[in-house]
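Take a look at the structure below.
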Amino acid sequence: MASLGQIIFWSIINIIIILAGAIALIIGFGISGKHFITVTTFTSAGNIGEDGTLSCTFEPDIKLNGIVIQWLKEGIKGLVHEFKEGKDDLSQQHEMFRGRTAVFADQVVVGNASLRLKNVQLTDAGTYTCYIRTSKGKGNANLEYKTGAFSMPEINVDYNASSESLRCEAPRWFPQPTVAWASQVDQGANFSEVSNTSFELNSENVTMKVVSVLYNVTINNTYSCMIENDIAKATGDIKVTDSEVKRRSQLQLLNSGPSPCVFSSAFVAGWALLSLSCCLMLR
């Protein structure tokens, strides 16, 4: 039979073991709670020569001075951009991004780590990482950024042609797109034999102007000019009647995600109505 001293001794040992386990669990939960935070990237294509956005969000943290945002690009030594202690730190920025990047500093505390990229270049395409560290923990997410050129087409009646024809023009595309015509009346018809498409290189020797002419068109019919490459798809519609001409155009960025990014414009009887609805696509 164990003595009173032995009972007390083993009781103390058991209490120590239980307390140690509890402390380990508390520390473990504390570390895990601070170690990982959710970082989400959104992706869309960059239009060469224009400004673009690499979108990234994270769990908000009101402690601005404790937030670190780093943008990195695969294959590039140094950083694309860094924001810490409430301001930009560009001491390690790669030279190809100098003077071209900025974060939305006033939105960092609400979880916006998106990067504004000025004057998008063809070489900006690639895999980027959005790395975040806050007082709550750290996390990162990747996104694929495509670059090219895309623009909305405009369709007009070509009164200079020998027969009724339509002229579809789009000022900037890259890579070279495909062009196809469609008709509401003649659905499924192949218009390749009654259309002519040309590509004219622009002055910067990268993007190209797209011109396509459709011949032998009929009145009271709606025609569509569709321009598409691996980045974007644009459609221009036109309906010519005896009394008026109605036009509509739409540009859709082709990226994986639940919501497409769509720009659209409608022109009815000479009056223009412009609407823009752009939804960033969740990667």
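Just so you know, glycine gets a Cβ as well, placed from its N, Cα and C.
Per Swiss-Prot, the cysteine from C130, C168, C279 that shares a disulfide bond with C225 is C168. Per Swiss-Prot, the residue annotated N-linked glycosylation site among N216, N220 is N216. DSSP places the residues of the domain 'Ig-like V-type 1' (35-144) in helix, strand and coil in these numbers: 16 helix, 53 strand, 41 coil.
Under DSSP, N216 (N-linked glycosylation site) is assigned to coil, being neither helix nor strand in the three-state scheme. Considering only the recorded positions C56, C130, N216, the residue whose Cα is spatially closest to the Cα of C225 (disulfide bond) is N216. Within the same chain, the residues at least 6 positions away from C56 (disulfide bond) whose Cβ sits under 8 Å from its Cβ are V39, T40, T41, F42, N112, A113, S114, L115, C130, I132, A141, L143, listed in sequence order.
Taking CA atoms as the reference points, N216 (N-linked glycosylation site) and C168 (disulfide bond) are 14 Å apart. Around C168 (disulfide bond), the C-beta neighbours below 8 angstroms that are at least 6 residues distant in the chain are P153, E154, I155, V179, W181, V210, V211, S212, V213, L214, C225, I227, G236.
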